[in-house]
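Report on the structure given below.
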Amino acid sequence: MAAVTMSVPGRKAPPRPGPVPEAAQPFLFTPRGPSAGGGPGSGTSPQVEWTARRLVWVPSELHGFEAAALRDEGEEEAEVELAESGRRLRLPRDQIQRMNPPKFSKAEDMAELTCLNEASVLHNLRERYYSGLIYTYSGLFCVVINPYKQLPIYTEAIVEMYRGKKRHEVPPHVYAVTEGAYRSMLQDREDQSILCTGESGAGKTENTKKVIQYLAHVASSPKGRKEPGVPGELERQLLQANPILEAFGNAKTVKNDNSSRFGKFIRINFDVAGYIVGANIETYLLEKSRAIRQAKDECSFHIFYQLLGGAGEQLKADLLLEPCSHYRFLTNGPSSSPGQERELFQETLESLRVLGFSHEEIISMLRMVSAVLQFGNIALKRERNTDQATMPDNTAAQKLCRLLGLGVTDFSRALLTPRIKVGRDYVQKAQTKEQADFALEALAKATYERLFRWLVLRLNRALDRSPRQGASFLGILDIAGFEIFQLNSFEQLCINYTNEKLQQLFNHTMFVLEQEEYQREGIPWTFLDFGLDLQPCIDLIERPANPPGLLALLDEECWFPKATDKSFVEKVAQEQGGHPKFQRPRHLRDQADFSVLHYAGKVDYKANEWLMKNMDPLNDNVAALLHQSTDRLTAEIWKDVEGIVGLEQVSSLGDGPPGGRPRRGMFRTVGQLYKESLSRLMATLSNTNPSFVRCIVPNHEKRAGKLEPRLVLDQLRCNGVLEGIRICRQGFPNRILFQEFRQRYEILTPNAIPKGFMDGKQACEKMIQALELDPNLYRVGQSKIFFRAGVLAQLEEERDLKVTDIIVSFQAAARGYLARRAFQKRQQQQSALRVMQRNCAAYLKLRHWQWWRLFTKVKPLLQVTRQDEVLQARAQELQKVQELQQQSAREVGELQGRVAQLEEERARLAEQLRAEAELCAEAEETRGRLAARKQELELVVSELEARVGEEEECSRQMQTEKKRLQQHIQELEAHLEAEEGARQKLQLEKVTTEAKMKKFEEDLLLLEDQNSKLSKERKLLEDRLAEFSSQAAEEEEKVKSLNKLRLKYEATIADMEDRLRKEEKGRQELEKLKRRLDGESSELQEQMVEQQQRAEELRAQLGRKEEELQAALARAEDEGGARAQLLKSLREAQAALAEAQEDLESERVARTKAEKQRRDLGEELEALRGELEDTLDSTNAQQELRSKREQEVTELKKTLEEETRIHEAAVQELRQRHGQALGELAEQLEQARRGKGAWEKTRLALEAEVSELRAELSSLQTARQEGEQRRRRLELQLQEVQGRAGDGERARAEAAEKLQRAQAELENVSGALNEAESKTIRLSKELSSTEAQLHDAQELLQEETRAKLALGSRVRAMEAEAAGLREQLEEEAAARERAGRELQTAQAQLSEWRRRQEEEAGALEAGEEARRRAAREAEALTQRLAEKTETVDRLERGRRRLQQELDDATMDLEQQRQLVSTLEKKQRKFDQLLAEEKAAVLRAVEERERAEAEGREREARALSLTRALEEEQEAREELERQNRALRAELEALLSSKDDVGKSVHELERACRVAEQAANDLRAQVTELEDELTAAEDAKLRLEVTVQALKTQHERDLQGRDEAGEERRRQLAKQLRDAEVERDEERKQRTLAVAARKKLEGELEELKAQMASAGQGKEEAVKQLRKMQAQMKELWREVEETRTSREEIFSQNRESEKRLKGLEAEVLRLQEELAASDRARRQAQQDRDEMADEVANGNLSKAAILEEKRQLEGRLGQLEEELEEEQSNSELLNDRYRKLLLQVESLTTELSAERSFSAKAESGRQQLERQIQELRGRLGEEDAGARARHKMTIAALESKLAQAEEQLEQETRERILSGKLVRRAEKRLKEVVLQVEEERRVADQLRDQLEKGNLRVKQLKRQLEEAEEEASRAQAGRRRLQRELEDVTESAESMNREVTTLRNRLRRGPLTFTTRTVRQVFRLEEGVASDEEAEEAQPGSGPSPEPEGSPPAHPQ
């Protein structure tokens, strides 16, 4: 695969799992090939193109990002060439993003990308999506893009493929995420959660279903798998719960056809073994308003359409259903066809039955759904004379009351004239039409919502069987996605608020908690702030106070009298108007009331009916009526009618008295309930280990195969995908405790930890050392060890391999033991056979001896007397054994009876306990409701009491408050006077400070005059220094020291980093100062303008300070630009440092030669430096004097800045205090005015209200006493219930004790069985000896036949009893033992009884029978064991074969390495021999290389001169810009001191300061000149690669022509296939028409046969629909072809548009270039001194211009080739136009066929109507007609199947041929490239062989073997040559630096760095003069060394 793990060395790509269906492979696995960086051959072309063209990503409006080749790279801009159109652009460098190498194409984990940027992530996702790969890992989480089509990657085979696999072993999939969470839950014993998040329509619900499907398959219990067909199985119920929730909670929206209109959290409980033991579903915020009202192009919930389209006639009659168009609540039509609705309805009913819903419950639910629709059909009108509502037609009301079990009269009265409470009495109030309509809609919404809540509770009761057994759980969250409509309401606010919380949880988990754990564990880590904190937006919504959020303000408005939606919006704007995430509407015409800036974008909200939605009021009269309904379900869901908000309470909000308000605590708003449920959900998720699945919407058109880049980029930015990948790569995502790490991986380091006790941390560190891990891959914390991504997976693989080796060793030892044991047994058998043979031979010798015969006859007679005694003793022993056996049988029977009794008692107690638990739960729920009710009442009472006290104190406090306000006003006036005095004092301090500043400036002027004198003296010394510097420059030119260059780069980088940190710190301080000053100054200005005019002088001072602030801001902006430039320079310097380090590694050989020369020259250089330092000693005193003066100036500046800062701080503090005082004064004055106006009105109302409240308080106290009495009664009842529960608990404990005793007895029996098993092992050894004695004992048994028969009968009886006992024991041990143990137990019992019989009675024949039976069983067992052994051996052989293949591959790899090393040795030896024999060849090569080196040196000199000229110009422009900025800053500073005055002398002094600063900046610029040379190297690459690009371009053009031709052939073939299919369709349709006509004739003749014919017709219609579906599929393919063609045309048009735009951009840039040239010429005139320094480069400028003209000529040729390509593209467009004509003709034919099909469909409908009319008269059925019709249908079906099979075969052949053609084309290209490469190598070798001698001919065979190595060595030599040339160029750059230092030494005393740079510029002047001399005398210069070493100059 393309995925390559970068963090773990040596990690391999995951192997492709075993059997995977072929149809699923393209959608799971990344295709291997050139794009994926396949093999060497396959991946050469993309890799070469990527390397040669330097491909990058540039922004594109259409594609998001577009590939381009980097042509030229400047300091701030770069020139790129678009890969598709070939157009060139100049873009800022920060808009260009790097491209990953081709081997990272379609990477499975985006954390592995080398270049991590938005373009690479988007390209990777787009490539995978277009290849059908919708799942991609993004660090620690998974990204899935909705494919908008069905994919075959969710079958059982795919589930089995992911089962038990680690993440890196299988492709990305939601199954892999689920498997990882499931395994983490089992291993870590930590609750897990899987969060599917994303926008609406992204696929969250589908992925949730797949997660549940996988868990139900993987974690199903073995008990459930015994009988899979039994309904009620837990896993099946869990799967069937989804269709029910989707039917009642999902609906079709604009973005999604199956959108979840509620949120759900499915908690699946697991036991300790990992099996599912129960589930629980929690739902959040059902969008109940959809049941009564839907937006345009949207539908209501699925269940309505399923019920109307899928119910039978009888059910429709029972539920009083009507067509869909008759219902007012269903504004839009059904979401799918009636056939689909019927199937979905049957599926929903079947799911309800599986979940255990009874038929009565299902009918009650459907009746309530029909009643919700009937609510909307009730029509109300307004009476003529009054506003009262009436119901002229009560038909809909009668249907509604029939469905809900209500009385029509009561319902109408409660709806139109409800009883409301006025004081203590109830009166009937007539409702207006608007109020009644609102009440009806509210009742409909509430009914559906309560039905949904009841349904969820019923599902939980069915799923949550045993919650106490759950050891841990795994939760799946599916919440409504983020929604942004044109106008959004309260439901969208709640949904988006939930998504904000989830995204904040993701950010907190990924970015904050991760880093906090690093810091907690003591790992060195720098905290990274990714800027993804969403808390401000969450606070805006949920904050309770200071200031309150949207929900708190909404709840507050619900309590206020006469509150409206408008007042709510105004209060929100007042409280949250300044919040950064809140925006007001900008224009009055805007429909939105306010906007919230969510993480996913700006959302406009319209606050219509938000107060009503938040309170959710109902008609409490109708609600009470519903509670008393005769329908059980209706009464149950309306049982809690006490806590609802009545309509009279809502009306009191608008009509009540001014001081009245509803009772607080009586009900809770929707916002409060939702906020609490969301808080519980967040707490649950925070206690789990979350796994995130980020779902992405590819387009809003719901089209498959289309991806909009901008849309996907926005979602990636919002989801924090890049940040998640970055912290996964930088951090340590895998961690494990020390103890677990040691326990799990100690097997890998067996001897690393010494014996004895050792601390866990020390043990882990020793293990890590033994594992030899890279220290960068892990960190050791305080309690855990942390690993980078992939390291733990590698350790797991090594552990698996180690465990495999150990198991193999154990198996080998076990098999060896078994083999030795079998061998010993075989030896024993052989010895026994020898004894028997010896005895038989002796018997054969003795049987004819007469004495022997006599002995055999007499010996039995001697034992007859003793035989009776022996038999009698054995009979007694046998009787004892039988008694013991009977006694044990009786004990076993008693035990079994007791166990059965205990089981019954346990079941009874469990049932009783379950009932008690349910009663206890109900009592607890009742108690909770009562407690809540009590608390609410207590709150109301306490609030009323507090209000009474507050109102009594209010009148007393108003007067005191008024006096206090007046006194405060007086204090404020006095404070203002004090502030005015302080202001005047500050003004005096300012004048004093300015005087000090003037004095400081005069001192500075004197110092600068002295400095000018010192400068003149320094110039005299510089002339002498220049002579020594010129000599040193000639010697330093030959040094080319790479070490000095590296040290310079490191010093430059360190200096830049220091400056960057300082600049950043300064910028942050300035930004903070700017923000603080902006806010404070604006507030002060507004308050001072509004409150008083006396602060005019202070405002003038504020204006002057603002001007100073603007100047400071300008300086800050300049510093920010300089910082950005330094950042760029830093990056370039780092890149140059990396290149220099690489060059350092490759140039070690060449460095040794240069090192020797450097030491010689270094000694001379040190001598010259000593002389130079002696000359500089005389200037040290002057430099020390100057440094002291500079230090004094610096200290004076610091003192001045400190005083200015103190002054500004004092002014700001004064402003702040003044502003605060004015604000408080204004606020208190306003409050006083409002209080004074409202006090008189309020006092009268309060007096009346106090009397009413006292009366109400007395009534409430009586109600409180009654509530107390009821509470006491309920507490007594609760104590009784608890007592009963305690009795049940004690009974349960006794039952548990009895059960434990029974288990102990069972364990005793099991011990006896185990002893029998041990005896079996011993008897198996004795069996062999018994079998040997059996033959001898058979002759003795002939005389004991009678006794044998008697004993045989006893034995059979005992065997029967033993069999019964064995069966009973097997039943008891079935739960603990498997079939093998049972077989061993039976065998052990048989062997035991047989042994006793042989010892006691000698009944050997019965023993023989038992032996044969045991032998048969043993043989069967042995056979099974052999089969298992054979299976194991087969698997072992397969494993060994794979291991052997792996070892072979490893050996082959080692052999290849050895071969490579051998070839390298041969190559070196051959090179030595060849060097001796090819002197002439080498001389020719050296001459050619010398000529090439001279040409390159001249080109390099020309380029260096060009670069020097351009760099000087750029430096001059930069200095001019900085000079202008400093002048502007100086003018700004001087303008702020107009009152002090300015002078010409001060301006001149400021100019000199600016020039000095410019000189310092110029020094910084010159230090960065070397880094700019890398950008100019593109010109050299362009000249080298033009021809290669031209060849590649022609090859690409030819490939595109071939691809277009292939595409045309494929389209033509598809058209032919479509025509063939259309003809076949026409034939089938003709046959169907003929069959229909025949049926019509038979209808006229045989009307009695129409029932069966109708059934057959329906089947034929199904076939016709299938064929129509196939035709639609073909039409869809034609449409896709057309769309693809249109997309190609649109892309061509877009390319032309972009070309024109870019041409205009080029013209604009040329104009800007001309303007910059004019500015540059002006700058050249201003800087005459620098023009003298670059005068030496004018001679080479003409040659550079000539070269530039040549390059422009070549570019013109390339443009002509581009025009040829455009003409070729026009030819391709013509071909596509022809294909379009063919497609249109086929479209017309298809439309004709479709019209014919429509006619046939109309005929079919007419025939159906006739059949419907005659169906009532049909009585009999004709079997013959049915048979004939079935034969016709079978024929049609067979033809259709043949056509489908033929179509599939042709499709497969077409796909296969396409693959073969593409494979052949790839192979052909590879062969062509290989042939060209071989031809080139052969030409080179042929030239060398022609120049060789006889020695070369003798070594020809060795040359053929090593020709590939020779070519590589030649390429390496060329590379070394180029690198040596690069070193030469770097030395020349050093020369330029020396020249710069010389120039600076002329200007004044310099630091060591400045002197070095001046010396480099002096050296450059020397180089320039040497180059002019060489151009004048080309033959006089020395020739270069053969290996590219620098030319030797004379010393």
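Residue numbering: from 1, along the chain as shown.
Backbone N, Cα and C atoms are what each Cβ position is placed from, and that goes for glycine too.
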Of 1176-1207, 1592-1623, the range Swiss-Prot tags as region 'Disordered' is 1592-1623
Per Swiss-Prot, the candidate from Ser335, Ser955, Ser1980 carrying the annotation phosphoserine: Ser1980
Region 'Actin-binding' according to Swiss-Prot, located in which of 448-470, 494-516, 678-700: 678-700
Looking at 1011-1055, 1281-1325, 1371-1415, which one does Swiss-Prot call region 'Disordered'? 1371-1415
If you check Swiss-Prot, which of Ser337, Ser1983 turns up marked as phosphoserine? Ser1983
Ser1146, Ser1461, Ser1969 - residue that Swiss-Prot labels as phosphoserine: Ser1969
Cβ neighbour count (within 10 Å, all chains shown) around Thr1194 (phosphothreonine): 10
Pairwise CA distance, Gly203 (ATP binding site) versus Ser60 (phosphoserine), rounded so that it is a whole Å: 28
What mean pLDDT score does the domain 'Myosin N-terminal SH3-like' (51-101) have in the model? 87
Rounded to the nearest Å, what's the C-alpha distance separating Thr1194 (phosphothreonine) and Gly198 (ATP binding site)? Just drop the number here, would you? 59
Can you list the residues of the same chain, besides Gly198, Glu199, Ser200, Gly201, Ala202, Gly203, Lys204, Thr205, whose Cβ falls within 8 Å of the ATP site's Cβ centroid? Asn146, Asn256, Gly481, Cys695, Val697
Ser200 (ATP binding site) to Ser60 (phosphoserine), Cα to Cα, whole Å, comes out at 27
Using DSSP, what is the helix/strand/coil residue split across the region 'Actin-binding' (678-700)? 9 helix, 8 strand, 6 coil
Does Gly198 (ATP binding site) have same-chain partners at least 6 apart in sequence with Cβ under 8 Å from its own Cβ, and which are they? Lys204, Gly481, Phe482, Arg694, Cys695, Ile696, Val697, Gln715, Asn719
For Glu199 (ATP binding site), which DSSP three-state class applies? strand
Rounded to the nearest Å, what's the C-alpha distance separating Thr205 (ATP binding site) and Ser60 (phosphoserine)? Just drop the number here, would you? 33
So if I draw a 10 Å sphere around the Cβ of Ser200 (ATP binding site), how many other Cβ atoms end up inside it? 20
Given the recorded positions Ser60, Thr205, which one's Cβ is surrounded by the fewest other Cβ atoms within 10 Å? Ser60
How would DSSP class Thr1194 (phosphothreonine) in three states? helix
Looking only at C-alpha atoms, tell me how far Ser60 (phosphoserine) is from Glu199 (ATP binding site), rounded to the nearest Å. 24
Residues that sit under 8 angstroms from Gly201 (ATP binding site) by C-beta distance, when 6+ apart in the chain: Asn146, Thr253, Lys255, Asn256, Ser259, Gly481, Val697, His700, Lys702
